Amino acid sequence: MAGARAAAAAASAGSSASSGNQPPQELGLGELLEEFSRTQYRAKDGSGTGGSKVERIEKRCLELFGRDYCFSVIPNTNGDICGHYPRHIVFLEYESSEKEKDTFESTVQVSKLQDLIHRSKMARCRGRFVCPVILFKGKHICRSATLAGWGELYGRSGYNYFFSGGADDAWADVEDVTEEDCALRSGDTHLFDKVRGYDIKLLRYLSVKYICDLMVENKKVKFGMNVTSSEKVDKAQRYADFTLLSIPYPGCEFFKEYKDRDYMAEGLIFNWKQDYVDAPLSIPDFLTHSLNIDWSQYQCWDLVQQTQNYLKLLLSLVNSDDDSGLLVHCISGWDRTPLFISLLRLSLWADGLIHTSLKPTEILYLTVAYDWFLFGHMLVDRLSKGEEIFFFCFNFLKHITSEEFSALKTQRRKSLPARDGGFTLEDICMLRRKDRGSTTSLGSDFSLVMESSPGATGSFTYEAVELVPAGAPTQAAWRKSHSSSPQSVLWNRPQPSEDRLPSQQGLAEARSSSSSSSNHSDNFFRMGSSPLEVPKPRSVDHPLPGSSLSTDYGSWQMVTGCGSIQERAVLHTDSSLPFSFPDELPNSCLLAALSDRETRLQEVRSAFLAAYSSTVGLRAVAPSPSGAIGGLLEQFARGVGLRSISSNAL
């Protein structure tokens, strides 16, 4: 155990030799990434060359799951169920902690689940069936591929029939066939009814209600043939009882542009006018009211905004009051799907809601190994083509650190009672980080943004109150800014000249980060309404507990949202403030600034970047033989008038 932690710490420091001092039964993150970038995982190869490494990765995942959950294992030895799913598929039953074990518990019987999996596996592309991977408040968050089209379905059915000696092993056991099943088997859609019927049974057994489809197509068209379908265009409306959400998201080939732009996702917008893009965004109205997002503008969002808003939607679904589960899928389920499954897992973990005992390096290992490697992401192929969706996933953590992505159900302060004395520094100090806003106005060194909830009477608009120091030129600034967070806190502190720190760069970084934040910044009003009062000093006779006198504050100016100075207030040197500024970083609530969530996600991202740079690295694009062949075939298809798209199936 200590060796694993030491290896994780070494990986987070960027050491390529992180495996040197760890016991042979465990692999560090660096070795995991090396194996991942060297070969694609296949369940049937687990006992062959490199099998010992894969076995250690699998055992490490089981050990990490076992820290917080009681689980069963569905065997997939040699890929009998699916060739690119884990050989040990983990089914989480309940949290093992004393506090939670009696709160939420799965009602699923593993034997019946296993039977439904075997029966339904051909319903989805590449046999990638609906698989539960996250347990949150008793709800199963699942992943899969999209529905198989008739070509794949009949092809696999014939293959299985031929190689099983004439017996269709998926339907060999028919002792529990109901009258409803018999009725479904009539007519020309016999096979579709059968396999999709079992797929629906599996979804219902896992209590899945919401199905989120990330495909930009209604049906995947390849060389002029429909190779996959999706629930939203099922002609028989078999999935009508589920809540279907079409949230089109660019495929892995789009992330070639992300790499070519120096890994800058800000400003990178998908071309929605391509001929194969025919799946519009479609979300039931009752699911969007609480999110305050203008979904009609989705085609104008850049990659950061789109990913942020989709993640907010998924978090709102899993955090709803009902007990309904969620399915996320794309086409093959090994690029876009693990992206959002990983972001969900890491976001909920950062809130302390799942995997509560895992450290940042441990949750990172589990996410990379289980959500990406063991579920068949083709990192080798993606790296050769420059399609770095895997790197994007973990680098993107800097954009979801703020509390607006938190699933914790805390009561927001929607309004404050009017008082004659205005706002005191204690009021600012007691505001949650979520309510402090961001540095969005030019020239501001500190801004306080009071957020309003839609429809809340008496609440504040998005109006900034900025406190700008007006002291002597010798004043220096202590700045706390985190470019990884959409919201930053900047506080000016006078210091001796020798303590002066470069400030312009930090301020620019903070503003750059703020500008990339979802569509949050679009909701700021700069109308110059009546400003709030400057925080007033408390009486010396009534200091706050833990406060101290300070003599280095000088005067402060009040600036409205439009930037005009309204009035001046002076904080006298004998004023008692609700916090003090020692030479080292204080533990006061205003400068404790980093929330647990932000700290955790930053540590995960830092550990990933260190390990990735020392193993995989940010590579130049190399030509892919398979890509060249696919390109020639695509050109041929276009030449004969067939409708087709890129050869990369996601």
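Placement of Cβ uses the backbone N, Cα and C atoms for every residue, glycine included.
The annotation active site, phosphocysteine intermediate is assigned in Swiss-Prot to CYS330 on the grounds of similarity to another entry. Residues or ranges marked as N-linked glycosylation site by Swiss-Prot on the basis of sequence analysis: ASN226, ASN519. As annotated by Swiss-Prot, N6-acetyllysine applies to LYS194. Positions annotated as phosphoserine by Swiss-Prot: SER518, SER530, SER580, SER624. According to Swiss-Prot, the omega-N-methylarginine annotation covers ARG638. If you look up Swiss-Prot, you'll see 1-27, 476-546 marked as region 'Disordered'.
Rounded to a whole value, the Cα-Cα separation of the residue listed as 'active site, phosphocysteine intermediate' and LYS194 (N6-acetyllysine) is 22 Å. Cβ contacts within 10 Å of the residue listed as 'N6-acetyllysine', excluding its own Cβ and spanning all protein chains shown: 22. A 10 Å cutoff on Cβ-Cβ distances gives the residue listed as 'active site, phosphocysteine intermediate' a total of 30 other Cβ atoms nearby, all chains included.
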